[in-house]
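Heads up, the thing below is written out as structure tokens.
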Amino acid sequence: MAAHNLGTELDLSWISKVQVNHPAVLRRAQQVQARRTVKKEWQAAWLLKAVTFIDLTTLSGDDTSSNVQRLCYKAKYPIREDLLKALNMHDKDITTAAVCVYPARVCDAVRALKAAGCNIPVASVATGFPAGQTHLKTRLEEIRLAVEDGASEIDVVINRSLVLTGQWEALYDEIRQFRKACGEAHLKTILATGELGSLTNVYKASMIAMMAGSDFIKTSTGKETVNATFPVAIVMLRAIRDFFWKTGNKIGFKPAGGIRSAKDALAWLSLIKEELGDEWLKPELFRIGASTLLSDIERQIYHHVTGRYAAYHDLPMS
């Protein structure tokens, strides 16, 4: 991962007069979605690159140590070996960027990845995920326990009410405490943009999160009614760009929720390339939170190699 974002002093003058041009954002989003995708070997190359950005995720109430173990194995071997050999990519050590689980499953993930002999980081959601409506003391303790168990990345959720009521100082202070509780772990702040009310609030919350020391800003928990969308992403990416211009600090971006197809993944990579440039197209600065996306990417690569589509049982999770 990149060096930690140490944050800046809270400066409300940055956001006090911000107003997002909603129609312009929607036009830009339509451009991204309407663009024709890359084809043939270029598509295969981009899809393999997309695999390396995935935070392979399981956040279900019926998670067990065995399905976390399977997930970790798939994270190390995301694409079937014969397909990689056909593309001459079998020696490139292609893995997913991280494995993301609930705090109670961090130990299982750390154990499984160690047994598999790889150093893929474990990301844990925390702070009362997905609603963030528990006491601050409890949320901070949840971070500390996940770090103690071996999580090297923490995906926190903010208290949305602080955004909806304009309590920017309180939001800044809360995320600063999250930053401190993370210690050496990287802090990824989930804004739950589908519940923030407006694109202007999305921009302001993004900027506050970066000022407070977030290493990544993330669109969604995946549990909201509206998750990662292109209009929201454009606003967040412009905030990241503004923050970089003002401070020189590069902050990562993670869309999550509803990204299920290889075509979706290609559109997201294209957006990052156009808005932030090639420097952001690396796992240190870009992630995709997904649980089912990898299956479709592997099916598309199978089709590229063989000329036919695989049945899902041909490409199991492990």
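Yeah, the Cβs are placed from backbone N, Cα and C, and that goes for glycine too.
Listed in TrEMBL:
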{"type": "ACT_SITE", "residues": "Lys218", "note": "active site, schiff-base intermediate with acetaldehyde"}
{"type": "ACT_SITE", "residues": "Lys254", "note": "active site, proton donor/acceptor"}
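The highest number of surrounding Cβ atoms within 10 Å, among the active-site residues Lys218, Lys254, is found at Lys218. Here the Cα atom of the residue listed as 'active site, schiff-base intermediate with acetaldehyde' is found 4 Å from that of Lys254 (active site, proton donor/acceptor).
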